[in-house]
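Before any comments, here is the structure.
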Amino acid sequence: MTTMLKGIAASSGVAVAKAYLLVQPDLSFETKTIADTANEEARLDAALATSQSELQLIKDKAVTTLGEEAASVFDAHMMVLADPDMTAQIKAVINDKKVNAESALKEVTDMFIGIFEGMTDNAYMQERAADIKDVTKRVLAHLLGVKLPSPALIDEEVIIVAEDLTPSDTAQLDKKFVKAFVTNIGGRTSHSAIMARTLEIPAVLGTNNITELVSEGQLLAVSGLTGEVILDPSTEQQSEFHKAGDAYAAQKAEWAALKDAETVTADGRHYELAANIGTPKDVEGVNDNGAEAIGLYRTEFLYMDAQDFPTEDDQYEAYKAVLEGMNGKPVVVRTMDIGGDKTLPYFDLPKEMNPFLGWRALRISLSTAGDGMFRTQLRALLRASVHGQLRIMFPMVALVTEFRAAKKIYDEEKSKLIAEGVPVAEGIEVGIMIEIPAAAMLADQFAKEVDFFSIGTNDLIQYTMAADRMNEQVSYLYQPYNPSILRLINNVIKAAHAEGKWAGMCGEMAGDQTAVPLLMGMGLDEFSMSATSVLQTRSLMKRLDSKKMEELSSKALSECATMEEVIALVEEYTK
């Protein structure tokens, strides 16, 4: 009998294949009283070391398949394993209570998980709880001599079905064999969804109970376009899904033909389509997908992948490689955005109740502790500027005085280099990321002093709606098309244009096919997104009329009260 489920369409594509249940092993154990505590400590050390090596191998594979940025999630896992305080506490329980390593590990990690999960208003700490859970499973499996599931060993075409996919699971997926995956939980912004889109594997998440309904080897039909999953599809349904898959493949082939085309609308207006990157290795994907620029280079990954602060020369080489790889096309480099969910093992960040609203990004750069790091990065960028078209962007700016302070340091380092006889490019644009509502509201004043704006919608939306996008209980409030968000964005674009400056966007919204027509109508100049979204967005823009999109955005801004009304209006104008 055919059963149909509906979930969240998290990664586009269609697949029909047998189910592969990714079941976690039984990690239950008995608490034992032991006399030889030294032996238990040695068992713990061995399990930690093996887990560390295993994670490094998984990360190395993930770098190859997903890229440096997506693979950086494993750094957080390895930091948990290397945490001397946690290890010391586990060993203290072994010695004080005379219990086996399994019991001590579970007691200490459960304590940390409970504390972090209790911080319901703090997404960063809740993510750390998820990291500890993933790591605990791995260490416990090694202590028990149990094998964890290994998606890397799959050697036939399957659709993975799981409660959820951990980052380490997703990093092992080979899209030659894994045709899609479906989970009980998760959404479009979860790690597994982001990785699925990077790998271009169809995914449907948040089905609630698919693991209870599916058996190993059962035939499934999955649409990452609509969020539909059919169990035991009929011959007719299989045919419909195959047709939908063929149509999507044909559509992708049409998009690929636009690689070297200009992004021009039906009425001849040009918009710049750019891509976001995390490392120099990502430049190849930018060029392969025909992006006209890099709209966001997240430089913090240079710091997160190092054992100590990267030197000026190390940074110079990285920036030079990116600029040269783009062959004169614009590259917007964001200065380091550490803090929040991005920590460094060699830089002591304070434990804060809410690090996303705390000491991070430019706030660190402008502090006494961060001044040296900031100046080193600016010098490296200025030296590299002669190798391409560099633009520099400061993140997390709330005050005009913050921008002035950062620009003053930039000017000082530029003057020093020139005095030293080091060549520096002329006309480097210096702008800010608009991700704090205060900056969006004061955009008219910022526009008098900056060279450009880049709107970071991921944070702007959650800060404006007072809703943590990782908290499922309030995820309904994370609304990119809410009229309040659209009005803020419009305010920023109009303020930039009033001063003869350009405005771009580098959040997820820039490649959102519902948002793009609205943003076109508002006059957004540059759209920066994941490289794999560039060609689809170019195809959409080429069939739209910019004047008609201006009518659309004007109506949405003046007449709509809800997100649903905005979506209906977009559908009416773009059908």
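Each residue, glycine too, has its Cβ placed from N, Cα and C.
Here the structure is a predicted model, which means the values were calculated and not measured.
Swiss-Prot has this to say about the protein:
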- H191: active site, tele-phosphohistidine intermediate (ACT_SITE)
- R298, R334, N458, D459, R469: phosphoenolpyruvate binding site (BINDING)
- E435, D459: Mg(2+) binding site (BINDING)
- C506: active site, proton donor (ACT_SITE)
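Features as recorded by Swiss-Prot, highlighted on the structure.
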residue : record                           : CB count, 10 Å
R298    : phosphoenolpyruvate binding site : 22
R334    : phosphoenolpyruvate binding site : 26
E435    : Mg(2+) binding site              : 26
N458    : phosphoenolpyruvate binding site : 16
D459    : phosphoenolpyruvate binding site : 19
C506    : active site, proton donor        : 28
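In the three-state DSSP reading, R334 (phosphoenolpyruvate binding site) counts as strand.
For the binding-site residues R298, R334, N458, D459, a Cα to Cα distance of within 10 angstroms from E435 (Mg(2+) binding site) holds for N458, D459. Under the DSSP three-state reduction, C506 (active site, proton donor) is assigned to coil, being neither helix nor strand. In the three-state DSSP reading, D459 (phosphoenolpyruvate binding site) counts as helix. The distance from the Cα of N458 (phosphoenolpyruvate binding site) to the Cα of the residue listed as 'active site, proton donor' comes to 9 Å. Between the CA atoms of D459 (phosphoenolpyruvate binding site) and the residue listed as 'active site, proton donor' there is a gap of 11 Å, rounded to the nearest whole number.
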